[in-house]
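**Q** What follows is a structure written as structure tokens; I'll ask about it next.
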Amino acid sequence: MAGGGAGVGKRLGTLLSGLLECGAFCGIIFGWASLVFVLKDLGYFEDLCEPLATDSPNRTLLQDCSRQDEQFSLVFTIGSFMNNFMTFPMGFIFDRFGTAVARLIAISLYTGGTLLVAFSTPELAVLLFPAMSMLSVGGILLILTNMQVGNLFGKYRSIIITLYNGAFDSSSAIFLIIKVLYERGLSLRAMFLFMAACSTWHLLRTLFLMPRSRIPYPLPPAYDYGLQCPGRSRSYRTYEEKRLPGEAGPEETPLEPTMPRGGGDPPGVPFGACVRSGLFAWHVAWLSVMQLRHYLFIGTLNPLLDHLAQRDHHLVSTYTNAFAFTQLCGVLCAPWNGLILDRHKRGKAPRPEGALEALADLRASVLSLAVTVTQCLLFSICAAVPVLPVQFATFVLQVLSRSFLYGGNAAFLAIA
């Protein structure tokens, strides 16, 4: 950038490292079905299984493990609930204290969660409850701090936001990798200790590739971020300090001209007015219903496959791997939604400005929301069919719907 700000290399480094962070750490709880397979094999909550009465003493003794399945579903339910419930307080912390503080909290939660899983045992299976909640909250806070990276790339902002959300979806495949490595002889403890050690990388990225407060939009001249080497050109902090007294900075400058006192609408909408608006209320209701459908499917997938495969261990493993593998494709699906959202910004037609630009962005989001609803409807229909091979189509539609849901939601909120 001109004026000695963050160069293309640094911005690309931030983008790619953020993509890796979202794709390997932020949403791993949604790969729960793969981890449940491992935990069942290790005997977690196995004491809840009860022998079934059989007609013949010569038949293989069967067990009713419905209470074990309920306990695993409860772990996921609480973890996914915390993922949503804690988003608001985590967002407040991010807005109030900035990126560095928010990321340090996220890293602490994430490290604590991985260590709890690492040192859990079948006798201490109860540790899974706080562990999954900490991994969930730490992951959502990490992705919240990464959303602002889209501000570094101007007209590609929506595409990058949806790409990060797609990577968030793909991170659920991490538990598939853990499952495969476990089947190859690696211990669950060793793998989660390695994940805890990765917090060092998160910390280094916080120091060198992320801002202390926030990345403003639009970017000011010569904007830079992260720890600077001695003698480097001015950072955003220096830019702030060199401003003339009373001059508004980029984060304080309204995008629309300020209306004269006594006439028109105020330049900024208060937080309370945003929360009470019909647009926000309907969007929250829509998002809640869509998320509930996805959480219900993920939380009950393992017992569903057990039932459809008639408890065939090998078949359940195959379909669990297929589901987790499709989750990897989330990062590939999400940018399609970004292209839909940014479609009006391409081409040679003159782009509207100010309020008309915001209105054009909102209109572009209508198609994105409609496509997301259609995908979720088709996914729900396939999931309701009690035929095992049909679940392959369910997995594909689920990852498409989820990628569009989270990417589109984040972009819509940034627009609205």
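Numbers run from 1 along the shown chain.
Glycine is no exception: its Cβ is also placed from the backbone N, Cα and C atoms.
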**Q** Quick one: sort out which of 101-119, 272-290, 367-385 is the transmembrane segment according to TrEMBL.
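**A** Feature transmembrane segment in TrEMBL: residues 101-119.
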**Q** Out of 12-38, 390-416, which range is noted as transmembrane segment by TrEMBL?
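**A** That would be 12-38, per the transmembrane segment entry in TrEMBL.
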**Q** Using a Cβ cut-off of under 8 Å, list the residues of the same chain at least 6 residues beyond the transmembrane segment (72-94) that approach it.
**A** 29-30, 32, 36, 39-40, 44-45, 101-102, 105-106, 128-129, 132-133, 135-137, 139-141, 144-145, 291, 295, 298-300, 302-303
**Q** So which residues does the transmembrane segment (101-119) touch in its own chain, when a touch means Cβ under 8 Å and the partner is 6 or more beyond its ends?
**A** 25, 90, 93-94, 127-128, 130-135, 137-139, 141-142, 144-145, 188-189, 192-193, 195-196, 199, 202-203, 206, 210
**Q** In the same chain, which residue numbers or ranges, 6 or more beyond the ends of the transmembrane segment (12-38), come under 8 angstroms Cβ to Cβ?
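**A** Those are 6, 72, 75-76, 79-80, 83, 110, 132, 135-136, 139-140, 142-143, 146, 149, 152-153, 160, 163-165, 167-176, 178-179, 182, 188, 195, 198, 202, 205, 209-210, 298-299, 301-302, 305, 316-317, 320-321, 323-324, 327, 331, in sequence order.
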